[in-house]
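Taken straight from Swiss-Prot:
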- R26, E86, R125, K456: (6S)-5-formyl-5,6,7,8-tetrahydrofolate binding site (BINDING)
- 222-376: domain 'TrmE-type G' (DOMAIN)
- N232, T251, I253, T256: K(+) binding site (BINDING)
- 232-237, 251-257, 276-279: GTP binding site (BINDING)
- S236, T257: Mg(2+) binding site (BINDING)
Amino acid sequence: MSITKEFDTITAISTPLGEGAIGIVRLSGTDAIAIANKVFKGKNLETVDSHTINYGHIVENNEIIDEVMVSVMRAPKTFTREDVVEINTHGGVAVTNEILQLLIRSGARMAEPGEFTKRAFLNGRIDLTQAEAVMDLIRAKTDKAMTVAVSQLDGSLKNLINNTRQEILNTLAQVEVNIDYPEYDDVEEVTTNLVREKTQEFQALLENLLATAKRGKILREGLSTAIIGRPNVGKSSLLNNLLREEKAIVTDIEGTTRDVIEEYVNIKGVPLKLIDTAGIRDTDDVVEKIGVERSKKALEEADLVLLVLNSSEPLTDQDRTLLDISQNSNRIILLNKTDLPQAIQTEELPEDLIPISVLKNENIDKIEDRINQLFFDNAGLVEKDATYLSNARHISLIEKALESLEAVNQGLELGMPVDLLQVDMTRTWEILGEITGDAAPDELITQLFSQFCLGK
């Protein structure tokens, strides 16, 4: 997809393919209204008011294809800042595809993935952070993730970054003035103090923003959560309890979970990617052995480990091994089967375990409370009006910007001339511009929009 601004008219189906009540075929571009008017029988779309919905039929060679409602939106007050037409059809693969092909035959071009959002970016309707927020909103798995995405779409991150970049420019301009007009004896000291003060101010701001990354990334991507334990302690039953559906195979036979099962579940606004692992033990079964190896890998990569023990049986060597290999993880120990007489030796276990009964659904809510304690210090997940970093690209760029600011600090400590330190300060300004797209390379922008679905 070329990054250069284009003016041809594009079209795509904007709703998921399949059976449904409504389907939407979208056009955007200079000729969007004229092309739609060619295939629409009803009011003349080229003369109707902007932001109106018009009843009629889509026809080809006087044959009715569908009864539709057509939305006409004139530039610049549209998502793409171009003329936009949305044809609301009856849902279904055949009718939406037929209308799409008719529009292409009438002069439109098939849109590439993300091209509508790309045009909104190129035409200045949104910046790159807002474009990425569109995708985050589509992919949001919980209401909290949706709130963060909507805030970014509304411009919270854009405004913070743009304001910081402007302050950096103001600082650089003041330094230039002081360098160009060195009439005063103390101008060098004043300039050095200014740069030191502003650099520390920018560092504090970006460090505070970076501090939100852990929470933001969890809300966006979820916590990779490995459920581990020896065979038949209730791992799959716990998974099904959290999911509230029979996803894993639950039997009384050891080793029935032979692979890694992954599912998402919403825990108080946090998407947990639950990984039910095969029981970690020595086995001669080839298929089960593969599952065990995958389980060990899942344990290494997990953000959170739920270690399930059987409270109705004494600790085994396998239990002790699992306690040992998971001790450096963010771990919650669960004593399952508390509905049965206790036989486990709790004196060998850490104090912060949670007794549960998956069978009777007892104390499952305490798992959710412990997760909140582990990852969010019992604080609310999303603070009102707060700006969160949740995108790995943004996090990486903020870290690079902080490195450039630290280079300025180090230069000041070494007594380097301020005019030489302008290079690192300018680099900070450029890096922050990559976040919003003001200084992002074409290849990055092209790659970003290619991840979008067709019609968005």
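Each residue, glycine too, has its Cβ placed from N, Cα and C.
Put simply, S236 is the one of the binding-site residues N232, K235, S236 whose Cα lies nearest to the Cα of E86 ((6S)-5-formyl-5,6,7,8-tetrahydrofolate binding site).
Considering other CB atoms within 10 Å as the measure, the emptiest surroundings among the binding-site residues R26, K456 are those of K456. When the binding-site residues N232, S236 are scored by other C-beta atoms within 10 Å, S236 scores highest.
Secondary structure at R26 ((6S)-5-formyl-5,6,7,8-tetrahydrofolate binding site), as computed by DSSP, is strand. Look at R125 ((6S)-5-formyl-5,6,7,8-tetrahydrofolate binding site): DSSP puts it in coil. Among the binding-site residues listed (R26, R125, K456), K456 has its Cα nearest to the Cα of S236 (Mg(2+) binding site). With R26, E86, R125, K456 listed as the residues that bind (6S)-5-formyl-5,6,7,8-tetrahydrofolate, the site has a largest C-alpha separation of 19 Å. For R125 ((6S)-5-formyl-5,6,7,8-tetrahydrofolate binding site), the same-chain residues lying six or more positions away in sequence with a CB closer than 8 A to its CB are F79, T80, R81.
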